[in-house]
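Working notes, structure below.
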Amino acid sequence: MVKLDDEAAVAPGHQPTNGYLLVPGGEPPGKVSAEPQNGPKGGLLTLNGVSRDSLAAAAEALCRPQTPLAPEEETQTRLLPTGPGEETPGTEDSQAPQIALSARRFVVLLIFSLYSLVNAFQWIQYSIISNIFEGFYGVSSLHIDWLSMVYMLAYVPLIFPATWLLDTRGLRLTALLGSGLNCLGAWIKCASVEQHLFWVTMLGQFLCSVAQVFILGLPSRIASVWFGPKEVSTACATAVLGNQLGTAVGFLLPPVLVPNTQNDTDLLACNISTMFYGTSSVATFLCFLTIIAFKEKPQYPPSKAQAALQKNPPADYSYKKSIRNLFRNVPFVLLLITYGIMTGAFYSVSTLLNQMILTYYKGEEVNAGKIGLTLVVAGMVGSILCGLWLDYTKTYKQTTLIVYILSFLGMVIFTFTLDLGYIIIVFVTGGVLGFFMTGYLPLGFEFAVEITYPESEGTSSGLINAAAQIFGILFTLAQGKLTTDYGPKAGNIFLCVWMLLGIILT
């Protein structure tokens, strides 16, 4: 392309160079006004002090209007540098970068979702049959609760190095660490099927909890790096969906695979061993798939905004500065607290569900698992619908507030119908609670990315997940104590109060 001057024309379909940025105007094709941007017809914006006559000459040569950006790209492009000497999306020296959607994006999303599923399964596999593991290992209910809470505890100090690794070493290495540690932890558990080896199963669970640190922050990064502007929210929701599905399977399978046969210790050990070896085999297969098929990024960027970020990576990127910027962002700090409350409540309910159900419905371990399954499956439907809704409307705050209020109402209904003596009612109320409470999870991710751009998605996702883990530990300990001393209703009312506070902050 020739340099633009008073006499030069711009080739059809190309954006003008020498610092001009097209701004949508009201003129018909081929007659774009050359008045200043803040004028009545603002068609071209002068960036480098070139005369208005030059702009008019260039504008007359334009043969067709520029292709409008998608909503996500319009938001992001406004935040990219447009000053002298800096590139903007689509203003390269020769031609616009090639934008394409890779078919591999679905493979990457599927592999991630599956090993995230296995990791979530291992989180909840003890809690949903906590009374059985208490009897097998001869430990208290608090020991079994810690097999769940170790996931939350490990996340808080490790999220910062994990996020730094994601931002500096990339997506593939982070994915390999998550899948590999998940596989290693599963195999260590296979060696813990002896009544005196509770510490071995805790070690395996700890490694799985470290793997989780390299998993929970990836959905928004995978969505933005691999998927097009109109797919981002849905892809993020689908990635979160894998983790939710793992929790659902964790509620369903353990009560079936490990029935309550504490009068026959050998049979119980055999059943536990079957569950552990099955889990480790699946985790190993997915680890190999991750090594083979998981790539850092597609050959071509999926959007103009990603192309601009890849072409002009921030040379002066500072992880500490990014953290400081996020904590100075008041809307993000409020979201940090409210997301932590909602997700922490979900973690607490999931961990203590077996104890709550068995308090009022003795011997119903299998139904307790099915209620947990209902809660999470309904939440998976909610997650997908919320992702589709965000892609369609971009109403982040309104959607978040409505879902938060409905989650609170669902928690209130669940609390005051739990002891009615009809387990079918618990299935219904659990499903309603899960639909909104679990459906909120991808909303938090996408809202965080939206209000913190251009900060790294991995950093913002990591921080809101850390808040969720902190609240999860505190809520599980407090609700567990209240449930033991005063019954499940007291523990659930405690969560209702906190969720009401979350509504006010939202």
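The backbone N, Cα and C atoms fix where each Cβ goes, and this holds for glycine too.
Because TrEMBL annotations are produced automatically, they should be read as predictions rather than curated entries.
Fair warning: this is a prediction, and the values are worked out from it, not measured in the lab.
Under the heading compositional bias 'Low complexity', TrEMBL lists 81-92.
Taken from TrEMBL, the feature domain 'Major facilitator superfamily (MFS) profile' applies to 108-506. Averaged over the domain 'Major facilitator superfamily (MFS) profile' (108-506), the predicted model has a pLDDT of 85.
Look at TrEMBL and you will find 1-42 (among others) tagged as region 'Disordered'.
According to TrEMBL, the feature region 'Disordered' maps to 66-95 (among others).
For 106-126 (among others), the entry in TrEMBL reads transmembrane segment.
Annotation comment: TrEMBL describes 146-166 (among others) as transmembrane segment.
TrEMBL lists 197-220 (among others) with the feature transmembrane segment.
Annotated transmembrane segment per TrEMBL: 274-294 (among others), in sequence order. Counting only same-chain residues 6+ beyond the ends of the transmembrane segment (274-294), those with a CB under 8 A from a CB of the stretch are 104, 107-108, 111-112, 114-115, 118, 121-122, 125, 171-172, 175-176, 179-180, 182-183, 186-187, 189-190, 192-193, 253-254, 257-258.
Under 8 Å from some Cβ of the transmembrane segment (330-349) lie the Cβ atoms of residues 148, 152, 356, 375, 404, 407, 411, 433, 437-438, 440-441, 444, 447-448, 451-452, 460, 463-465, 467-476, 479-480, 492, 495, 498-499, 501-502, 505-506, all in the same chain and six or more residues away from its ends. Look at TrEMBL and you will find 330-349 (among others) tagged as transmembrane segment.
Per TrEMBL, transmembrane segment is recorded for 369-392 (among others).
Per TrEMBL, the feature transmembrane segment maps to 399-416 (among others).
Tertiary neighbourhood of the transmembrane segment (422-441): same-chain residues 240, 244, 339, 342-343, 345-346, 349, 357, 361, 364, 367, 370-372, 374-383, 385-386, 400, 403-404, 406-407, 410-411, 413-414, selected by CB-CB distance under 8 Å and a gap of 6+ residues from either end. Look at TrEMBL and you will find 422-441 (among others) tagged as transmembrane segment.
Proximity of distant same-chain residues to the transmembrane segment (462-480), defined by a Cβ-Cβ separation under 8 Å and at least 6 residues beyond the stretch ends, is recorded for 141-142, 145, 148-149, 151-153, 155-156, 159-160, 162-163, 166, 216-217, 323, 326, 335-337, 339-341, 343-345, 347-348, 351-352, 355, 444-445, 448, 491-492, 494-495, 498. Residues or ranges marked as transmembrane segment in TrEMBL: 462-480 (among others).
Look at TrEMBL and you will find 486-505 (among others) tagged as transmembrane segment. Residues 334, 337-338, 341-342, 345, 348-349, 352, 355-356, 359-360, 401, 404-405, 407-408, 411-412, 414-416, 418-419, 475, 478-480 of the same chain lie 6 or more positions beyond the ends of the transmembrane segment (486-505) yet place their CB under 8 Å from a CB of it.
Same-chain residues lying 6+ beyond the ends of the transmembrane segment (197-220) with a Cβ under 8 Å from its Cβ atoms: 112, 115-116, 119, 122-123, 126, 137-139, 143, 146-147, 150-151, 153-155, 158-159, 162-163, 165-166, 171, 174-175, 177-182, 184-189, 191, 235-236, 239-240, 243, 442, 445-446, 448-449, 457-458, 460-462, 465.
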